[in-house]
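Undergrad: Feature table excerpt (TrEMBL):
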TRANSMEM  12-36  transmembrane segment
TRANSMEM  43-61  transmembrane segment
TRANSMEM  67-84  transmembrane segment
TRANSMEM  91-109  transmembrane segment
TRANSMEM  115-134  transmembrane segment
DOMAIN    273-363  domain 'Histidine kinase/HSP90-like ATPase'
REGION    341-373  region 'Disordered'
COMPBIAS  360-373  compositional bias 'Polar residues'
Amino acid sequence: MLYAVAAPVQAVAYGLPLIGALLLPALQSAALVALARFPWPSIIVFAAAGAVTALLIPALWLPWPWHVTGMIAFVVLVVGAWAIHGWKQGLAAYLVPAIAISVPAVSEISSRSLATWIVAVSLGAIAAGVGALLSDRIRIAGQLTRERAVTEAETERRLVAEERQRIARELHDVVAHGLSLIQVQATSAPYRVPDLGDRATEEFADIARAARTSLQEMRSLLSALRGDDESAERAPQPTLADITRIVAETERAGARIRLDMPEPPPAPTTVAIAAFRIVQEAISNAVRHAPGAAIQVSVGAIDGALLVEIQNDAATRDPSSRAGETGHGLVGMRERASLLGGSFQAGPTPAGGFRVSASLPLSATTPEQEPRR
């Protein structure tokens, strides 16, 4: 808009050559547009264009060397530079154009040039004051926005911590207590119940062993939920070799299961934990939803990724009444794979069974394990 007014005014009223009337206001307008990103070049270009304009304009009866559109552009420049960039750029936007544009009038000082200079300098000073006020308001608004964001983040972290503590208390009071009771009863069963027999004694020993393992993992989970990172790190973490253990435990429990993992491939801790949990949850789902079905577990490394596959045949007997309930097992497995940048697939097989497969990059790390800066 300023260019649309300045170009015809300078060409018609001030007699500026056409090329100058088109180019010089365009340079000043472009300087105003670029001021936010390039303050120093914009100030220099604006001052240079203003000085050339003053040199080319004949000394007529109109205001000179500061014309009306030039004064308006000057005010905009000073206010913008001071408000956006601070006092250094604002002071430069005030002094550099004021000096550059006034130089052509030094050789012809008159009441007309002196009056326009006084008006321009006065308007510039007012613009500097306005820019300073705007700069303070922008700075304070930015500080308030940052403080509000910090407060919201702290509030969110506090709420998350409180929820984690609540979940940890519930797990400790309900689940951990139940597992402890199972372990105690299974361990003491051979002493409390006479004539159990070797098979029943072995079954109770497996139950007690599974309960102890679950309690250890529960304590690690509780430490993580409570934010006790040191305790969580000291707790033993499952490895790929532990897949052999859970397959053996499942087989001792009466399931038909086979493992194809000739030798556990080397894998980062995060990948090994994710693979173990996926296998553990998939076997649990197969036992629960397809009782009596044969289960095949395969683990191996191909092309820089750890491939895990668990497939079960169709059930040979009806599942329990709660087996059809929808849980979060598949969602959790998918999230574990996604967190490591891997892929996850699960679905029924043509033969009526179910297949779960995951591909986990062996170079993967979770966001929590990235180097802290």
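Each Cβ is built from the backbone N, Cα and C atoms, and glycine gets one as well.
Unlike curated entries, TrEMBL annotations are predicted automatically.
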Undergrad: Along the domain 'Histidine kinase/HSP90-like ATPase' (273-363), what average pLDDT does this model show?
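TA: In the predicted model, the domain 'Histidine kinase/HSP90-like ATPase' (273-363) has a mean pLDDT of 87.
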Undergrad: Per DSSP, what is the residue tally for the domain 'Histidine kinase/HSP90-like ATPase' (273-363) in helix, strand and coil?
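TA: Within the domain 'Histidine kinase/HSP90-like ATPase' (273-363) the tally stands at 28 helix, 31 strand, 32 coil.
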